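Peer 1: Annotations for this protein, taken from TrEMBL, read as follows:
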type	residues	note
BINDING	A:ALA15, A:GLU36, A:LEU44, A:VAL80, A:TRP365, A:GLY372, A:VAL373, A:ILE374	FAD binding site
BINDING	A:GLN151, A:GLY152, A:ASN153, A:VAL154, A:ARG195, A:ARG196, A:GLU207, A:GLY372	NADP(+) binding site
DOMAIN	A:6-162	domain 'FAD/NAD(P)-binding'
Amino acid sequence: NKNTPKVCIVGAGPAGFYTAQHLIKSRQDVEVDIYERLPVPFGLVRFGVAPDHPEVKNVINTFTQTAQHSRCSFYGNVNVGTDVSVKELQQAYHAVVLSYGAEGNRRMGVPGEDLAGVHAAKDFVGWYNGLPDNRKLHPDLSCETAVILGQGNVALDVARILLSPMDMLKKTDITQPALDLLAESRIRRVLIVGRRGPMQIACTIKEVREMVNLPDTRPEMVAADFKGIAEAVKEVPRPRKRLTELLLKTALDVPTEKEQEKRSKASRVWGFRFFRSPVEVLPAPDLSRAAAIRLAVNRLEGSGEGASAVPTGEVEDVPCGLVISSIGYKSLPIDPLLPFDSRKAIVPNTMGRVQKTAGVYCSGWLKTGPTGVIGTTMNNSFDTARALLEDMDSGALDVSSAKPGSQGVTPLLEKRGVKPVEFSDWEKIDNEEIKRGVAMGKPREKLLSVDEMLHVART
Amino acid sequence: MSAARRLLRFNPRLLQSRTNKRTAAVTGAAATPPHTSVGNAVLFSGSAQCRRPEGRVTVHFINRDGQKITTSGAEGDSLLDVVVDQKLDIPGYGACEGTLACSTCHLILEQEVYDQLGHIIDEEQDMLDLAYGLTETSRLGCQVCLSRSLEGATVRVPAGLFDMRRADSSGSSSSA
């Protein structure tokens, strides 16, 4: 029906799906098409959420229902920016919502960052989660110590995957190549390093508790890092208070007998290191790879969430063979005609309406920056959908003229030799992965390359 | 292939607090079917087979817009079960389907009801820490089970982020 309002969404992760869901639910006439670069949907739910957090992936069920709705269509294997331009999408649809997230990295910006043995957390996570672009990572896990820069939940996921017992990991959907490499890992100690102090740590309590409870591991913290913390914790809001109390307990309290026994038998060590910033990755004598990381020692100025790290001039070298930089994902611009704030690495917007660009909206990390759990993204996306719906109602977004929707896009794609993957094609990939998983005792065995995905999709 | 993907999961923490009809001990194959919803559409209810018609408990939900909805559930149903089974219009409610991996089933209880429910396990407290509009009488709906003593209770759906921060387009401070 040419006269129905047609919206296209770029990116089939949680932001894209929650935006689609809210639009479809709120108006009975709106049609939504979701374009996705990869043949497979779900974005970071598939490629970011840790393999041992399957409950978090339950949102896939509600996204699947949305994709199967009669007024929603999924077009995988379409790269907006190279296969079709945003301008062409604007011509075909009444509104375009950019929800393509953050596929780049914040760099540390230090010498030695490109040595072998140094990886961005996004790439390491992509590697164990089967992101096709990261399948050739081949991290070297033959060293004893790994240092992770950053103390957010991604850093803790990496630490946990590096130190988890194999019999826990082998029942998850972690990729088999990653499992095989981790089985041979000689890493026994993981340090998770942050610029500031215990009360500025960015991770959440669930993830810290998982480290504390991780079998066959013991914590190793620096008591001096916690000076003054027990006093300061009394006045802070509940989430920060509970998290800090858990850190204090883990770092300072005399352990119970049971915990002491666990610690004495543990073969693996993990710990937070505070007040440290990376200044250089030091190479091995043959210059081929990382052998240590040089850290600047900081002191804290101010207190609470806004405290800043100030270098003292002192440095400290930590020998290690694996350096994982977990200091943030980063959105990238996909079309030079769209406004992009390179400082914040977001698309400039007001409540999801892209500035100076009528008819274009954004949701998810592209809108607000790369932080937040799935619930945050849900609210963020509903917010954008509401702005779009308001604009439809008020006439700010003109939906009276007929637009072709996907019928204006698929001929362009065909001409360019691009064949979209439909949702039913993804279901073939899904079935194949589950089938392969059964043979391995895992929920699924992911296909690891775009070629393999397309092959199964086309069969 | 069925529309809802059945994810294998075993959550011992839920079994610890009560008998949960929606999770099952998993040794390999089928788990109890999850509740799934798009807006109000529900695929199926995991608690249907355990429902006893004579054990219904009435509860009132105050939605975000102030609207009061009177509904009921079976004894043993969680408040999340009630929202899903009764198709209450609360967008995004129960994203992780009752597995203590999100805070979207957050509800605000009356003081007396909150007090009589007793001890809250760490895992629920950890998720409540992330909930918007947390109060002294907040609970996760997936962890609160209906019983006779909840008869006539009123629970409030808290304001979401978009209600509380309309003018602010910047991100939250929690990490991924």
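Cβ coordinates come from backbone N, Cα and C, glycine included.
All annotation found in TrEMBL is predicted automatically rather than curated by experts.
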Peer 1: Which one is closest to A:GLY152 (NADP(+) binding site) in space, judged by CA to CA distance, out of the binding-site residues A:GLU36, A:VAL373, A:ILE374?
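Peer 2: Closest recorded candidate to A:GLY152 (NADP(+) binding site) by Cα: A:VAL373.
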Peer 1: Roughly how many Å separate the Cα of A:LEU44 (FAD binding site) from that of A:VAL154 (NADP(+) binding site), to the nearest whole number?
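Peer 2: Between the alpha carbons of A:LEU44 (FAD binding site) and A:VAL154 (NADP(+) binding site) there are 12 Å.
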Peer 1: Per DSSP, A:TRP365 (FAD binding site) is which: helix, strand or coil?
Peer 2: helix
Peer 1: Looking only at the domain 'FAD/NAD(P)-binding' (A:6-162), what is the model's average confidence as pLDDT?
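Peer 2: Mean pLDDT, the domain 'FAD/NAD(P)-binding' (A:6-162): 98.
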Peer 1: Are there binding-site residues in A:ALA15, A:VAL154, A:VAL373 whose CB lies under 8 Å from a CB of chain B, and which ones?
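Peer 2: Cβ contacts with chain B under 8 Å: A:VAL154, A:VAL373.
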Peer 1: Out of these binding-site residues, A:GLN151, A:ASN153, which one has the fewest other C-beta atoms within 10 Å of its own C-beta?
Peer 2: A:ASN153
Peer 1: If one measures from the C-alpha of A:ILE374 (FAD binding site) to the C-alpha of A:GLU207 (NADP(+) binding site), what distance in angstrom results, rounded to a whole number?
Peer 2: 15
Peer 1: Note down the number of other Cβ atoms within 10 Å of the Cβ of A:ARG195 (NADP(+) binding site), including every protein chain shown.
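Peer 2: For A:ARG195 (NADP(+) binding site), the count of other Cβ atoms within 10 Å is 23.
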Peer 1: Applying a 10 Å Cβ distance cut-off over all chains shown, what neighbour count does A:VAL80 (FAD binding site) have?
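Peer 2: Neighbour count, Cβ to Cβ under the 10 Å cut-off: 24.
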Peer 1: Greatest CA-CA distance (Å) over the residues A:ALA15, A:GLU36, A:LEU44, A:VAL80, A:TRP365, A:GLY372, A:VAL373, A:ILE374 that the record ties to FAD?
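Peer 2: Across A:ALA15, A:GLU36, A:LEU44, A:VAL80, A:TRP365, A:GLY372, A:VAL373, A:ILE374, the widest Cα separation comes out at 25 Å.
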